[in-house]
Structures are given as structure tokens and as C-alpha cells.
Amino acid sequence: MMSNLAPVPELYVSYESAQKLKLEAAELTSWDLTPRQICDLELLMNGGFNPLKGFLSEEDYTSVVENMRLANGALWPMPVTLDVSEDFASKIEVGQDIALRDQEGVILAIMSVTDNWEPNKSLEAEKVYGADDIAHPAVNYLHNQAGKIYIGGPITGIQQPVHYDFRGRRDTPNELRTFFRKVGWRRVVAFQTRNPLHRAHQELTFRAAKEAQANLLIHPVVGMTKPGDVDHFTRVRCYEAVLDKYPSSTTSMSLLNLAMRMGGPREAVWHGLIRANHGCTHFIVGRDHAGPGKNSGGEDFYGPYDAQELFRKCQDEIGVEMVDFKHMVYVQERAQYEPADEIEEGVTVLNISGTELRRRLSEGLEIPEWFSFPEVVTELRKTRPPRAQQGFTVFFTGFSGSGKSTIANALMVKLMEMGGRPVTLLDGDIVRKNLSSELGFSKEHRDLNIRRIGYVASEITKNGGIAICAPIAPYATTRRAVREDVEAFGAFVEVHVATSIEECEKRDRKGLYKLAREGKIKEFTGISDPYDVPENPELAVDTINIDVDNCAHQVILKLESMGLIAG
Ligand code: PPS
């Protein structure tokens with residue numbers, strides 16, 4: 001297969017029209033795009049999602065969900081939809097133009113709204129991702145982050161989203177096509193990745209280029225990847241270090257601002273279509289391509305080679321040939337990487353999984369040279385210091401008067417005695433005085449309160465500190481959201497202060513239970529308002545017959561066992 005390097009259609013208008021449109025668009029109702037929507041919009045506008053002309057209409061959406069095809073029959077596996085709040089949707093009408101703004105308020109595009117509907121998210125999850133299970137990151141996003149309503153319609157592009165980082169490494173499909181034309185690359189194999197490159201990847205990409213008799217494009221995703229992944233700044237520094245080890249005349253690297261969904265087989269097909277738009281002729285699909293990990297039953301969402309199978313079926317339509325790879329492992333006797341399924345018995349096979357690598361980094365253990373490049377390991381160590389030096393959050397939850405604040409205070413003092421990291425206590429009452437003074441106790445207000453605490457805790461965690469939170473936090477879904485915010489940067493240790501409601505009421509240290517019983521305080525947790533008991537907290541402490549010092553000590557022991565403080 002040879003590439004046709006004619007330009008792909010973009011959705012941008014000319015510079016002059018853009019200036020004019022921008023002024024007109026300032027008057028329009030506008031939607032502030034989420035980070036994921038900005039990624040989608042960029043690829044819509046620059047032709048990366050060609051043949052899409054905008055966010056999907058309801059008809060196209062239904063067809064994509066059900067058949068992996070647009071309503072006109074063209075192969076398209078992934079819904080690219082604009083989700084908005086009910087409130088926003090109620091303010092706009094079909095036929096109306098709206099401005100799409102980035103998070104700073106810059107107008108990027110105008111969308112002519114043709115459709116406005118409430119999707120069946122469970123059905124979307126089942127059909128597109130294979131299961132309506134929030135252990136899948138995209139399903140979790142769908143149910144817990146995406147707005148309730150989708151709006152669709154064609155886009156008029158005004159300007160590209162602004163990037164301040166690695167600008168010289170970002171290319172639109174047409175820029176890459178121009179580059180390939182210029183250097184005479186007619187066969188290009190793309191390597192998609194969301195992880196740092198280690199020696200196995202290098203071997204795999206070398207082999208792929210050889211097999212396809214093609215040049216190599218390392219095409220990492222820097223938009224949004226799987227929660228918990230190494231951040232793209234670190235990864236790009238790693239890629240740059242590894243790039244020196246490739247022959248520069250046949251290898252290039254470009255960054256792709258895609259928001260991945262971790263949709264396995266469907267995602268692989270999507271990646272293929274995107275690479276076809278970027279002028280590539282071949283695409284590497286390895287083991288468990290774009291895999292989301294385990295489902296809530298502890299099993300893999302997809303089989304390891306499902307993505308290859310689906311890709312193979314669709315590859316003529318995708319317009320990109322698959323270079324499929326099995327898992328690569330290191331054979332000690334021959335000191336080289338080989339596909340796992342081609343190795344005879346009796347030789348020593350070495351392999352370090354992603355989980356094992358994270359463990360070694362977090363425990364400061366050796367990472368052997370056969371596994372990775374010293375430059376890559378150095379970069380990774382900088383962003384992933386050993387656990388005992390990372391930031392983390394201890395999140396107490398329990399009824400009012402359960403003892404959360406008292407234990408939290410004791411824990412803070414113990415951690416400060418140990419030293420090493422700054423400690424901040426975000427106690428329920430203190431937060432309500434300083435951060436959330438305008439809030440009451442409705443579900444909406446409690447959620448806002450907890451999300452604020454989560455935000456501050458995640459910032460503290462990101463910057464290497466210890467955040468101790470001690471709100472009631474009665475809703476499991478909100479606690480989960482906070483966990484996700486924090487876990488992007490460090491450990492989240494949920495401690496259920498499991499003092500029973502009867503005991504809390506008996507103690508009634510603030511006299512609030514009496515008032516709540518008399519109906520003088522409304523929506524009181526445990527009396528007239530719900531409390532979702534944590535199902536899998538890292539620790540549950542009971543305060544009956546156990547003193548505060550002991551409870552705080554139990555938390556310390558837990559932190560020690562998790563490697564968060566040195567033993
Ligand atoms: S929440 O649900 O997490 O936002 O609650 P939180 O911010 O932790 O605030 C709880 C403290 O506010 C007092 N208080 C009430 N609690 C529960 N329900 C109602 N209706 C209510 N009204 C006031 C109470 O003193 C809680 O403090 P703690 O420290 O938990 O006893």
C-alpha cells in the first residue's frame with residue numbers, strides 16, 4: 001500500500017473570514033468546552049476525524065453506536081458527541097448557531113445545532129465499550145462526567161486550540177502529509193502509544209518498520225489517556241530521549257492531541273482511521289490495544305487480540321494496513337526481544353509488566369538496562385519518586401460526631417512529628433467556614449463542598465504534600481469522584497470512621513442530634529438524610545472502646561503498609 005498524500009478536508013475557514021466570524025460569534029450563546037471536547041474539536045477541525053464534519057447528529061450517533069457506521073454507511077466506530085448540561089440544552093434550539101469556547105473563553109468554532117437529544121448512555125456503554133460497567137474509564141466518564149444531553153451539528157472552525165507545550169512536535173494531518181511528501185515517504189507505519197517507550201517497544205517498532213518496508217512514525221497520544229497514566233510532559237521527554245536511538249532518516253515523531261476512550265477493538269479501528277487521515281499506510285496493533293484494564297468482576301474487558309481481529313476485518317475500509325504484534329519479551333540467553341509466541345521452551349524469558357514497573361519506581365528499586373533506557377528511567381524517577389516521598393490524601397468519612405475531626409487532628413500531629421512532607425487538615429467545619437461558607441446541606445451543596453475539598457486535596461497531593469480531609473461526605477459517587485481527582489496524582493486512603501448512628505446520637509457532642517430529632521435541623525445525616533456506607537474503604541475504624549490515639553495509630557500503620565510513610 002502506498003499513500004495518497006493529497007490534503008484531507010479541514011473545517012477551518014480562511015484567516016480573514018475567521019476574524020470576521022470571531023466578532024459575530026461573540027454575540028452567540030456559547031458553550032465552554034471540556035478538556036475532552038477540546039481534543040475532539042481539534043481533530044474534527046484539522047481533518048483527523050475526516051469524514052466527520054462536526055459533532056455527530058442523532059441519526060449518525062445511533063448508527064455509530066449500533067453498527068459502527070455513520071448513517072451514510074461510512075465506517076466510524078466511536079461516537080464523537082458534544083455532551084452538555086440539561087440547563088444549557090434547554091436554552092438552545094435546533095437551527096441555532098452557538099460559539100464553542102476553550103477554557104479561557106477563546107472562541108474556537110461555531111456549531112450550527114441540528115440535533116439535541118437525550119442519549120441512552122447504558123446502551124452506548126454496552127454497544128461501544130462492551131459493558132455498562134463504570135470500571136471502564138469511558139463508561140465512567142459517560143455516566144459520571146458527561147452531560148445528560150447531546151447536541152450535534154456541523155462545525156465552522158475559527159482557530160486551533162492553543163498549545164504552549166511541544167509546539168514544534170505537534171502536526172495536523174495535512175502538516176504530516178506535507179512532511180511525508182517532502183521527504184518522499186510513501187509507506188509509513190504509525191506507532192500509537194500512551195506509555196513511555198522502553199526497549200521492547202523499540203524492538204517492536206523496528207521490526208514493524210522492517211516488516212512493512214516502511215518509515216516509522218512514532219505517534220503518541222498527548223490529549224487524554226487512561227487515568228493514572230504517566231503525564232504527557234514526562235512521556236514526551238522520554239520519547240525525545242529514545243528518538244536518538246532511531247535512525248533519523250527513517251523515523252519521525254509527532255504528537256497527537258487525541259482524547260482516548262480506552263475502547264479496545266473499536267478504538268483500534270478509530271486509531272487506524274485517524275492515522276489514515278494523517279497520511280500513514282500502516283498501523284501497529286499490539287496486544288490489548290487501547291485496553292481499559294479489568295472490569296468490576298476482575299476480568300479483562302476485551303480479549304488480548306480482539307482489537308487485531310476487528311481491525312483485520314475492517315482494514316480495507318480503514319485504508320491502513322495492520323502490522324500486528326504479539327507480546328514482546330526479553331530472551332536472556334540471546335540478549336534480545338522476541339515475540340512471546342515464537343520462543344521455544346527452555347530459554348529464560350524476562351518481562352516487567354506495567355504494574356511491576358510502577359512498583360519498582362514507587363519503591364525506588366532497580367530497573368534493569370535490558371528493560372529500559374537509563375535516560376527514560378531517570379525521567380520517570382523524577383516524576384514518580386518513591387511512594388514514601390509522594391503526596392497523598394487521607395479522606396475520613398462518617399457521621400457527624402463519629403470522631404473524624406478528633407482522629408484527623410491526632411493523625412496530623414503524628415505526621416508532623418515525623419516530618420518530611422507538609423500536612424494540611426481540611427476538616428469539615430473548617431472548610432465550611434473558609435471555602436464553602438455559602439453552602440447548606442442539600443445533596444447539591446454537599447456535593448459541591450466535597451468536590452471543593454477534593455480539588456484542594458488533589459492539588460496538595462500533586463505537589464507532594466499530605467492532605468487530611470474530614471467531612472461527612474455521605475455520597476459514595478462523590479467520594480469516588482474525589483478519589484479519581486486525587487489518584488491522578490497520588491494515593492487516596494479512605495478511612496471510614498464507622499461509629500454507629502446510635503452511638504453518635506448518644507454522645508451528641510454538639511447537641512445537633514437532639515435538634516435534628518426535634519426537626520429543628522433539616523436534612524441531618526443519619527436522621528433525615530442518607531449516608532452511603534463505604535463499601536471498600538482502605539480502612540474502617542470503630543471508635544467504641546478505642547481511644548483516639550489508637551485510632552490514629554491504626555491509620556499510621558495502614559499508611560506504612562501502603563508504603564506511604566517509611567516504616
Ligand atoms: S458534608 O455532607 O460532607 O458536606 O458535611 P460537612 O461539610 O462535613 O459538614 C458537616 C458538619 O456540619 C454540621 N451540620 C450538619 N451535618 C449534617 N447534616 C446537617 N444537616 C448538618 N447541619 C449542620 C455538623 O456539625 C457537621 O460537623 P461534624 O464535624 O461532621 O460533626
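Backbone N, Cα and C define each Cβ position, glycine as well.
Database features, via TrEMBL:
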- Gly398, Phe399, Ser400, Gly401, Ser402, Gly403, Lys404, Ser405: ATP binding site (BINDING)
- 9-159: domain 'ATP-sulfurylase PUA-like' (DOMAIN)
- 170-382: domain 'Sulphate adenylyltransferase catalytic' (DOMAIN)
- 390-542: domain 'APS kinase' (DOMAIN)
Inside 10 Å of the Cβ of Ser400 (ATP binding site), count up the other Cβ atoms and send me the figure.
24
Sequence-distant neighbours of Lys404 (ATP binding site) in its chain (C-beta under 8 A, six or more apart):
Phe396, Thr397, Gly398, Asp427, Gly428, Ala470, Pro471, Ile472, Val497
Just checking: which of the binding-site residues Phe399, Ser400, Gly401, Ser402, Gly403, Ser405 have a C-beta under 6 Å from ligand 1?
Ser400, Gly401, Ser405
Identify all same-chain residues not among Gly398, Phe399, Ser400, Gly401, Ser402, Gly403, Lys404, Ser405 whose C-beta atom falls within 8 angstroms of the centroid of the ATP site's C-beta atoms; report them in sequence order.
Ile472, Val497, Thr499, Cys504
Give the sequence-ordered list of residues that share a chain with Gly401 (ATP binding site), lie 6 or more positions from it, and have CB atoms under 8 Å from its CB.
Thr499, Cys504, Glu505, Arg507, Asp508, Arg509, Lys510, Leu512, Tyr513
Could you check the binding-site residues Ser402, Ser405 and say which one's CB has the fewest neighbouring CB atoms inside 10 Å?
Ser405
Site with most surrounding Cβ atoms, counting all protein chains shown within 10 Å, from the binding-site residues Gly398, Gly403:
Gly398
Can you see whether DSSP assigns Lys404 (ATP binding site) to helix, strand or coil?
helix
May I ask which residues of the same chain, at least 6 positions away in sequence, place their Cβ under 8 angstroms from the Cβ of Phe399 (ATP binding site)?
Ile472, Val497, Thr499, Ile501, Cys504, Thr525, Gly526, Tyr531
As a test of reading the model: what is the averaged pLDDT for the domain 'Sulphate adenylyltransferase catalytic' (170-382)?
94
